[in-house]
Amino acid sequence: MKRTAATQYVVTRPLYSEEAFAEEHEKVYRQRKTILDHIKWDAKRAKNAALSLLPIIGWVKIYQIKQWLLGDIVSGISTGLVAVLQGLAYCLLASLPVRYGLFSAFFPVIIYFFLGTSRHISVGPFPVLCLMIGSVVTRLVPDGGLAMNITGLEGLTIDEQRVVVASSVTFLAGIIQLAMGVLQVGFVVMYLSDTLVSGFTTAAAIHILVSQLKFVLGLQVPGISGPLSIIYTLEIIFNKITSTNVCDVVIALVIMVVVFIVKELNDRYKSKLPVPIPIEVIMTVIACGVSYAFDFRARYGINTVGDIPEGYETPMAPNLHIIQLTAGDAVPMAIVGFAVAFSVAKVYSVKHDYTIDGNQELIAFGVSNIFGASFRSFAASTALSRSAVQESTGGKTQVAGLLSAIIVMIVTLSVGFLLDPLPTSVLGAVVIVNLKGMLMQFREVPYLWRRDKPDCVVWLGTCILSIFLGLDLGLAAGLGVELISVVLRTQLSIYDPEGVMIFRIPSPIFFANIEFFRTKLVEALGFNPLRVLRKRNKAVRRIRKLLKKGELQWTSTGFLNTSFKPIKESEDESSMEELDLPTDFKDLPARIDWNAELPVNLSVPPVEIHSLILDFAAVSFLDISALTGLKTLLRELIRVEVDVYIVACDPYILEKLHDCSFFDDEVQPSMFFLTLHDAMLHILEKHPESTEKKSDHDMVRSG
């Protein structure tokens, strides 16, 4: 079948610089909102604000009782049982009495029910956050007692002191999240790439694994925090390995094997099972019953959960002294907790076709943590396995989350005493088994190495640094590695017609990358314009002196050395500032052709281009530091007789340049052109010889 020829169009228009285009066409200004527009309030805006701050209003109106309620009830009960167990288990990571894990699985869920935008995530303890809290707790309140004098902790037991520390740092993390949400800075999670988060959570899984060994082995190991804490912890464990409690090891191994096998069966047959088998809950109940029946605590000396007081405690205010000491710890907690929860929420929102609001999620988690901390819970996020249970068992909305909180509340108020004989090795085993997903992220390394080596370096760098430096410093170091990777991969591409260089800038130019931009441009040019300018000015002044002395003469063919002696290089007495000024050809018989042969011993770096085009299509903004650096660079290029053209510049950037007095006698608005094509046509009119291209410059090169 013969294809019909595509319709062709011929567009004819004049060659436009920015100035020429502005002269012929009136600029249309977009109407901008005034301060009055922002503070103006009406019924529609009030309704939108209410829906934004209380997302529950939006989904309650469309709640389908017949279709959704049964699924939410089944999901809520299933998730609640898992939340009870994970609350107890993850509390060990925070180095707190296990009952406070139940608090963290209750209070934040209640607030998120009203303020959260995700309908499927299960809010509560998250192992990575628990470990970060545990690091702060053991640093300020080690096993031997307070490491420093902290106001307000006098007369409290070690456990009570640790609870105050955990609640206070959680309160501060909540304040940070709330502030970020109010200030609309939810975009910060964009700087945490999937690769960085994967490497970070893998390192966290290793930390968690090591921290649970003492429960699985039945050893007394003090909590250690700070850089290399994982090494010191392993050293203590290996030194005490002969004191391992065999009963704890056997219990933990049985739990891990059974739970692992059943979880694999759940994954394999999830399409056939109405709900996943809650194997962790089943094994915990069995272990609790067996431990009570055979009195493992007295007979084998194992550690058990012990007495769990019923009910809740009265609200408490955060300790301001602790807040001052933990400000640096609360920031990564706030960011990590939100980033993980938001990532999981995005997955389910796409799957079930609804939208989530990052800034509202920050507000929801911020208020949840502030409220929870007042009742002695610790920082909440979401656990991947618990959210998977809530979604896979038929949960449609946060009604399931509310029901799971009710299950947790029932355990806290009435049946907590039944968990007294539960071995802590069971909780440690449950934590370790649930690390499978995070530990299996190691499989990403070969894939990343084959497909994207810089991303692989970010993954490995973040993971290794987080393992050895600790999670807080490791996250900061990982962000540094990611930033370096982005900078190094921000290639500035060029291709060169004869005598012309086109330089593409793929990002905004600001204080952090202006020097990098200059360095890459100089590398691409093959010469440093400032050095060339200084060399030319020195040569001109040397030539002027030689002409006055009669040792040099100008002829139609160029300079002639009349002294028949080699011209010696002499020290230039001019100041450096004078050498940076435009080249002055006054008193010379002719303008010097720098590409022609110069007198002996006078050497100036060659400049093989006459025109440079800077493609600003991807430059969305320039700050003041960038304006200053850019103007200096443009002046240097113009002074070495390179015509500079800037194309595809954003109109608002051009307006800013005018407002900031960017232009002068050297750097002029006439260097700005609408498109790359306009600038090239202008150059070809001015330099017809540029029509010919070098054969070896037809490809795009990376600067």
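In case you wondered, yes, glycine gets a Cβ from its N, Cα and C as well.
Positions annotated as domain 'STAS' by TrEMBL: 490-683. If you look up TrEMBL, you'll see 73-93, 100-117, 123-142, 213-234, 246-263, 275-294, 330-350, 362-379, 399-419, 457-481 marked as transmembrane segment.
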Average model confidence [pLDDT] within the domain 'STAS' (490-683): 81
CB contact flag for the transmembrane segment (213-234) and the transmembrane segment (457-481), at least three pairs under 8 A: yes
Contact between the transmembrane segment (330-350) and the transmembrane segment (362-379) (at least 3 Cβ pairs under 8 Å, separation 6+): yes
Leading stretch by Cβ pairs under 8 Å, where the reference is the transmembrane segment (399-419) and the options are 73-93, 100-117, 275-294, 362-379, 457-481: 73-93
Tertiary contacts of the transmembrane segment (100-117) (same chain, 6+ residues out, Cβ under 8 Å): 53-56, 83-84, 86-91, 94, 123-125, 163, 166, 308, 312, 345, 355-357, 360-361, 363-365, 367-369, 371-372, 375-380, 398, 401-402, 404-405, 408-409, 411-412, 416
